[in-house]
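As recorded in TrEMBL, the features of this protein are as follows:
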ACT_SITE  C:T11  active site, O-isoaspartyl threonine intermediate
ACT_SITE  C:T82  active site
DOMAIN    C:4-151  domain 'L-asparaginase N-terminal'
4 protein chains.
Amino acid sequence: MALRIIATGGTFDKHYDEIAGKLTFAASHLPQAIARARITAAYALEELPLLDSLDMQDIDRRRVLASCTHAVEEAIVIIHGTDTMQETAAVLGAANLAKAIVVTGAMIPYEVANSDALFNLGYACGVAQLLPPGVYVAMNGKVFDWDKVQKDRVAGIFEPIPH
Amino acid sequence: MALRIIATGGTFDKHYDEIAGKLTFAASHLPQAIARARITAAYALEELPLLDSLDMQDIDRRRVLASCTHAVEEAIVIIHGTDTMQETAAVLGAANLAKAIVVTGAMIPYEVANSDALFNLGYACGVAQLLPPGVYVAMNGKVFDWDKVQKDRVAGIFEPIPH
Amino acid sequence: MALRIIATGGTFDKHYDEIAGKLTFAASHLPQAIARARITAAYALEELPLLDSLDMQDIDRRRVLASCTHAVEEAIVIIHGTDTMQETAAVLGAANLAKAIVVTGAMIPYEVANSDALFNLGYACGVAQLLPPGVYVAMNGKVFDWDKVQKDRVAGIFEPIPH
Amino acid sequence: MALRIIATGGTFDKHYDEIAGKLTFAASHLPQAIARARITAAYALEELPLLDSLDMQDIDRRRVLASCTHAVEEAIVIIHGTDTMQETAAVLGAANLAKAIVVTGAMIPYEVANSDALFNLGYACGVAQLLPPGVYVAMNGKVFDWDKVQKDRVAGIFEPIPH
C-alpha cells in the first residue's frame with residue numbers, strides 16, 4: 001500500500017550544528033533513512049517546516065492536518081517530536097479522515113549513536129499499511145489509539161493512559 | 001501483542017572478525033538492537049545457531065519450525081538470511097500454525113554503515129502484531145505472502161512472483 | 001612513549017540525554033575511543049570533571065595544570081572544549097613544564113555522525129609522543145604553539161594568529 | 001607541513017557489497033574520512049588501485065614507491081592492508097627517500113562499527129608531519145621503524161621484532 005511520510009521535525013531530525021555548538025534543524029534525515037531502508041513500496045515524502053514539538057503552535061498542527069487531508073495515500077506516517085505527539089494526534093483524530101495515520105518519532109536523534117529513529121520509522125511504516133483508518137501513536141514497539149496514550153517523561157516511554 | 005523474535009543468522013547478524021579478517025558470526029546483535037528500539041511490548045528473544053542462509057539445511061529449518069510451534073506468542077519475527085528466506089518460509093507455511101510469522105533480514109549487516117537491519121526489524125515487529133495468522137516475508141517496506149515472493153538477486157530487492 | 005590522556009569535557013564528550021532532550025555530560029567516551037584505537041602504547045586515562053569549556057573557571061584550569069604537573073608521563077593529551085582551548089593552553093604554557101602537552105577536542109561530539117573526535121584523538125596522541133616539551137593545540141590536522149593559535153568561530157577552524 | 005595521503009586498499013577501505021554479499025573494494029573512504037577530519041593542512045590524496053594486501057605483488061609495491069618518489073610533499077601517509085605492511089615498507093625503506101613515509105591501516109574497515117581507521121589516519125597524519133625522513137609503520141598508537149616491526153596475527157597487534 002502506498003505510503004506518505006511527513007517530516008515535521010522533533011528529536012528524530014535534530015542535527016548538530018558544529019558552528020553554533022548545539023542541536024537544531026537543517027535538512028531532514030528522512031531521504032537518507034528511506035534510501036537506507038531500500039523501500040520499494042510506493043511512497044511520497046513531504047517535508048513540512050521542521051520544529052521542536054514544544055514550539056509547535058495550532059497553526060503548525062493545522063498544517064499537518066491539511067497535509068493529511070490532501071494526501072492521496074491512505075497510509076500516512078508522521079515524524080514528530082515526542083513531547084507533543086498527543087496534541088497533534090488529537091487535532092488529526094478529531095478530523096475523522098478515512099486514512100490510517102501513524103505518528104512516530106525518536107528519543108535519540110537519527111544521527112546520534114544508539115538512535116531508535118530507524119526502528120521507529122520501520123515500525124510505523126509497517127503498521128500504517130495494515131491498520132484500519134484512524135489516528136495512532138507508534139513508539140516503543142507498540143501502537144496506541146491517539147486518545148489512549150501519554151508520554152512518561154521521567155521514564156522516556158509511551159504508555160496507555162490509566163483508567 | 002507479545003512478540004517472539006528468533007535469530008537465525010544471515011546478513012543482519014554478520015560480524016567482522018578482525019583477526020580472521022572476514023565476516024562471520026559471533027554473538028547476535030539482536031539484544032543491542034532491541035535495547036536501542038526501547039521496546040516496552042512484551043517480547044522473548046530466542047537465539048538459534050547463527051548461519052549464513054546458504055548454509056541452512058533441512059534440519060536447520062525444522063529447528064526454526066519447532067521454535068515457532070512451541071512459542072506461546074502469536075506474533076513471531078524471524079531474522080534470517082535473505083538468500084533462502086523463501087525456503088524457510090515454505091517450511092513454516094506448510095505447517096499452518098495459528099500464528100503470524102514474519103521472516104525478515106537485511107541487505108547490509110547491522111554493524112555496517114548504511115544498514116537496513118534496524119528498519120527491517122521495526123517493520124517486521126509492527127506487521128507481525130497486526131497480520132492475521134500466516135507466514136510472511138517482510139523486506140523493502142513491503143509484506144509478502146510466503147508463497148508469492150522472490151528475491152531479485154541482481155537488484156537486491158524482494159518482489160512478487162510474476163504470474 | 002607513555003601517554004597520559006586527560007578528559008576535561010568539551011564537545012568531544014557531549015552526550016545526548018534522551019530524558020532531558022539535550023546534550024550534556026555523562027561518562028566520558030574516552031575509554032571506548034581508546035579501546036577502539038587498540039592502543040598498545042602505555043597510557044593512563046584521567047577523567048577530570050567534564051565541562052563545557054565556556055563554563056571553565058580559573059579553578060578548573062588550575063586543576064588541569066595540577067594533573068599535568070603531577071603526571072609521570074612526558075607526553076600528555078588533553079581533551080578540551082574548542083571555545084577556550086587557548087585559555088587553558090595559556091595557563092599550561094606559563095608553567096613551563098618539561099613535557100609535551102597537546103590540547104585537542106572536536107567540532108562534533110564523538111557519538112554524533114561525522115565526528116572528527118577519533119581523528120583528533122589519534123592525531124594528538126601521535127604528535128604528543130614526538131614534540132619537544134611545550135604546550136600545543138592540535139586541530140584540523142595541524143599542530144600550533146599555544147600562543148600562536150586562535151579559533152575562527154565563524155568557519156569553525158583553528159588558524160595561526162595573524163601578525 | 002603539506003601531506004600526501006596514498007590509498008592502496010586494505011581493511012581500512014573494504015566495502016560491503018550488498019549484491020555480492022561480501023567485503024570488497026569500491027570507492028575509497030578517504031575523501032569522506034578527510035572531510036570529516038576537517039583538515040586545513042595542505043594535502044594531496046592519491047588513490048592507487050585498491051587491493052587486499054595479501055594480493056599485492058611486486059609491481060604493486062613498485063607503484064607505491066613511484067608515488068612516493070614523485071611526491072612533492074615531504075610527509076606521506078600510506079593506507080595499506082595490515083598483513084603485508086612490512087613488505088611494502090621494506091621496498092620503500094630500501095629506496096632511502098628524503099621523506100617521512102608512514103604506513104598505516106586498520107583492523108576493522110572504516111565503515112564497520114568500532115573501526116580504528118579514523119584514529120589511525122589521525123595518528124599517521126600527526127607523526128608523518130614530525131618524524132625525520134625515513135619509513136615507518138604506525139599502528140596501535142605506536143610508531144615503528146620499518147625494519148623493526150611485525151604483526152602478531154593471533155593477537156591482531158603490531159609489535160617490535162624481538163632481538
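All residue numbers here begin at 1 and follow the chain in the order shown.
Just so you know, glycine gets a Cβ as well, placed from its N, Cα and C.
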Counts of helix, strand and coil residues, the domain 'L-asparaginase N-terminal' (C:4-151), according to DSSP: 49 helix, 45 strand, 54 coil
Averaged pLDDT score, the domain 'L-asparaginase N-terminal' (C:4-151): 97
Residue pair the residue listed as 'active site, O-isoaspartyl threonine intermediate', the residue listed as 'active site' - Cα distance, angstrom, rounded: 7
Packing count at C:T82 (active site) (other Cβ atoms within 10 Å of its Cβ): 25
Cβ neighbour count within 10 Å of the residue listed as 'active site, O-isoaspartyl threonine intermediate': 26
